[in-house]
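Among the features that TrEMBL reports, domain 'GHMP kinase N-terminal' is placed at 84-172. If you look up TrEMBL, you'll see PRO112, LEU113, GLY114, ALA115, GLY116, LEU117, GLY118, SER119, SER120, ALA121, ALA122 marked as ATP binding site. Per TrEMBL, active site, proton acceptor is recorded for ASP164. Positions annotated as domain 'GHMP kinase C-terminal' by TrEMBL: 236-301.
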Amino acid sequence: MTRSSAPGKVYLFGEHAVVYGEPAVPCAIERRARVGVEPRDDATLRVHSDDLSLDGFTVEYAGSTDGKPDIDVAESLVDAAMGYVDEAIAQVREVTGEPDAGFEVTIESDIPLGAGLGSSAAVVVAAIDAATRALGVELSTAELAERAYQTELAVQDGQASRADTFCSATGGAVRVEGSDCRAIDAPDLPLVIGFDGGAGDTGALVAGVRQLRDEYSFAADTVASIGDIVRQGETALADGDVAELGRLMDFNHGLLSALGVSGRSLDSMVWAAREAGALGAKLTGAGGGGCIVALDPTPETETALRYLPGCEDVFPAELADEGVRQLE
Ligand SMILES: Nc1ncnc2c1ncn2[C@@H]1O[C@H](COP(=O)(O)OP(=O)(O)OP(=O)(O)O)[C@@H](O)[C@H]1O
Ligand SMILES: C[C@@](O)(CCO)CC(=O)[O-]
Ligand SMILES: [Mg+2]
């Protein structure tokens, strides 16, 4: 068995706008997906993941290069659930020049699915790393990040940025603008994450923003303004000005909300954090439902979220310095 792990992430600034070439600053966090891979002697892909549960069904699927899985749930749900791993393995077959490679893939993850913490990127990065190594191919971190990006691009119908996958592959705080991806210095930030227990479909949310942006010039301006916030945020980060970072996070959330990607429970967690004295709070990732990230050096936000109806989990986010990690 070849195993790798990769971290999830939160966005300090810039999700969604980054898809249109604006900069973004995600930070890897110490919540990881671990993917174990065993090559098979046929071309079948079999995936085991206790986290892939749809409407109470735990799904275990066996896809092959030519077949669909045989599961008794709606096909769109199955496609959504298996798309990332399927496409990651397609990338592995291409980069290793082994189109008929088959695998037994086992996924364990501390990252809630579809909640804005980059579970897809972490699973994809760890899966590509483990599966290529299992076939005797060592990718550089840059090649791994590129293949992981191609995976998200394919699953999200041609609309993805390099931000999540680059951050998960390299760890740390990063800045991504188009194909320019780099590590940046970030002070130790008092990040608190609130999770409403829900999820959003990244592909659908990205498509919704694209539609607004195409239809209204003020939506396009909103996306450009998020870029301005990110640039200002970079200065605040460099200065270690945590109060300014918080104000900019608040503004970033407002613009994401205007673009239609927040929701009642995300807004309620954001307001609970602000009322508890957080320096700033915003949704993270694609939105819809899932997680917010707040900046608070005191325990107040954590306490407030813990008692907020509709907040299922709350935890401090420790930055992960290490990206992909070879486990065995
Ligand atoms: N533990 C897991 N086992 C199998 N597949 C997983 C697992 N975690 C994530 N995935 C895949 O990633 C998909 C969720 O990705 P999606 O991009 O919608 O959300 P996210 O990455 O968690 O959030 P965001 O992109 O907003 O940060 C799942 O539908 C599944 O295909
Ligand atoms: C919404 C988005 O910006 C981040 C999802 O975590 C999509 C992407 O960058 O591919
Ligand atoms: Mg994702």
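Note: Cβ is positioned from N, Cα and C throughout, glycine not excepted.
Overlay of TrEMBL feature records on the structure.
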residue: PRO112; record: ATP binding site; Cβ neighbours (10 Å): 22
residue: GLY114; record: ATP binding site; Cβ neighbours (10 Å): 20
residue: GLY116; record: ATP binding site; Cβ neighbours (10 Å): 32
residue: GLY118; record: ATP binding site; Cβ neighbours (10 Å): 32
residue: SER120; record: ATP binding site; Cβ neighbours (10 Å): 30
residue: ALA122; record: ATP binding site; Cβ neighbours (10 Å): 34
residue: ASP164; record: active site, proton acceptor; Cβ neighbours (10 Å): 34
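For ligand 2, the recorded positions lying close by, meaning a CB under 6 A from one of its atoms, are ASP164; the full candidate list was SER120, ALA122, ASP164. Looking at the domain 'GHMP kinase C-terminal' (236-301) alone, the prediction's average pLDDT is 98. A helical conformation is recorded for SER120 (ATP binding site) in the three-state DSSP classification.
Here the CA atom of ASP164 (active site, proton acceptor) lies 15 Å from the CA atom of PRO112 (ATP binding site). Break the domain 'GHMP kinase C-terminal' (236-301) down by DSSP state and the numbers are 35 helix, 9 strand, 22 coil.
Contact annotation for binding-site residues (GLY114, GLY116, SER120) versus ligand 3: SER120, each with CB under 6 Å from a ligand atom.
DSSP assigns PRO112 (ATP binding site) to coil in the three-state reduction, outside any helix or strand.
Residues PRO112, LEU113, GLY114, ALA115, GLY116, LEU117, GLY118, SER119, SER120, ALA121, ALA122 make up the record's ATP site, and a Cβ search at 8 Å around their centroid adds GLY8, ILE111, GLY285, GLY290 from the same chain. Secondary structure of the domain 'GHMP kinase N-terminal' (84-172), assigned with DSSP and counted as helix (H, G, I), strand (E, B) and coil, comes to 52 helix, 8 strand, 29 coil.
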